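Right, one structure below, let's go through it.
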Amino acid sequence: MSHVVGTIRCVGSSSDSLNSRINRSSSDSLNSRINHSSIGFDGDYVKFEDLLQKDHLKNAFLSALDVDWDWLLTKLPENILIVIAKHWDSGQETEGVYILPDTNILLVHPPLSNTQIGCFHAKLMLLFFDGWMRVVVASGNLIPYDWETNENVIFVQDFPIVQATGSNHHNLHPFAKDIKDFILAIGLKNHIVNKLSQYDFSRAKAKLIASIPGAYKGIENMRKYGHGRLCKVVQEVCGPNENIILECQTSTISNLNADFLHEFYRSASGIDPLEISKPRAKKSQGVEISLPQITMVYPSNRIISFSKYPQAAGAALFFGKSDYERHAFPKEIIRNCVSKRDGILIHSKFVLARYTQQGQPTNSQKRQKTNKLNSDDICGSNEDKAEFTRKSYVSKETVMAPIRGWYYCGGKIYTSRETKGPQLRINNWELGVFFPIRGSDNNQGDWFTENGVPVPYRRPPGRYDLNETPWFSFN
């Protein structure tokens, strides 16, 4: 099952406020193209087949860490070119572009980190139809577990073909440019990339945040990808604000420590990575560093043991016992992840952010509004009407409803590390989407769900019981 997040639908969430807040199509609505009640959109999930619309698909790009070829090939048409990028084994395979024998599949092995650590973990679909295209950013792999058993999250939005000039090749919308840069980095040139200029992305609802392996030095390069990119988006959309509480739901945890939590917290606050506000503690100092307001939401062993599909955990969850038992691992920030659908395992990734104090509105939060007064609505002489009408053409700067938080979902975003230099080191390929949260400041109930965020787990997440431990996939 996969939740859709309005333009994101979340696996396991149905939200009228979400559907009304996020327009799933930039011109013709997705609703007008498909019958929701007949294909599974009636509720809070979407089927893989519904997204692809196999009989109408003209061209496609898909990517994932893992692919079940026997399952996937039954879902795809056989008469069109399909491009698929996936992770590969550097010990047995090589980087490059290949034709998958006896299929219509062009297989891409993207460049991997030169550190021998990390993987290609981004889940993106670009689906082309007559007159429109669909962009999907997901947390699920191209395997049956992630589409039929586990909970995942997807962003989906449709974009119409450009009507006027037929192309906007030299003036790509930032959303399309982010997709183009990502596809080029994967190793594709003409395939798919040249098609983007044919579509109108002016009503794109999300900000894309990509992670691409590499070591990025200097503030501008550090702000391109990973949590450095998150920092830039927060600055532009929300403005810098360190009065923030973060809740990170994940299916993968690695070697967390206080230094990295502070680094990620600064980026999530919109504070540039170079502005180091917390000094790093040397091991010889023996000083415990206080932790920022972050919690990590991950299921306990008990939750997995009593789930409906415990065997699916091996394909969905990754956490090493040795990482958890390190002295520097911040055990106190771990919270339990319990699905709103009893017994279902969650493979999605969310970062939920809520401001405890409002910051200053950014330019993106302001809008120019022109008020026009009709002379027929004015009493008095013709001269008075003319004067009032002239004065009514006044441009006023108005402030929209304040941004009270934001959320990110899709791929794992906390995989990058700041190292000496300073520089941002990224090992994984990831992709996710960012949305600001406006609306009420009501503290009753689940604030994120009430404001349209399709959270698939029970909130607020509780601490583990006394004798509970996280579910470990390896030692």
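The backbone N, Cα and C atoms fix where each Cβ goes, glycine too.
Now, the feature entries from TrEMBL:
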- His121: active site, nucleophile (ACT_SITE)
- His347: active site, proton donor/acceptor (ACT_SITE)
- Lys123, Lys349: substrate binding site (BINDING)
- 357-380: region 'Disordered' (REGION)
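Feature map: annotations from TrEMBL on the structure.
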{"residue": "His121", "record": "active site, nucleophile", "Cβ neighbours (10 Å)": "23"}
{"residue": "Lys123", "record": "substrate binding site", "Cβ neighbours (10 Å)": "24"}
{"residue": "His347", "record": "active site, proton donor/acceptor", "Cβ neighbours (10 Å)": "27"}
{"residue": "Lys349", "record": "substrate binding site", "Cβ neighbours (10 Å)": "23"}
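A separation of roughly 12 Å, to the nearest angstrom, links the Cα atoms of the residue listed as 'active site, nucleophile' and Lys349 (substrate binding site). A straight line from the CA of Lys123 (substrate binding site) to the CA of His347 (active site, proton donor/acceptor) spans 13 Å.
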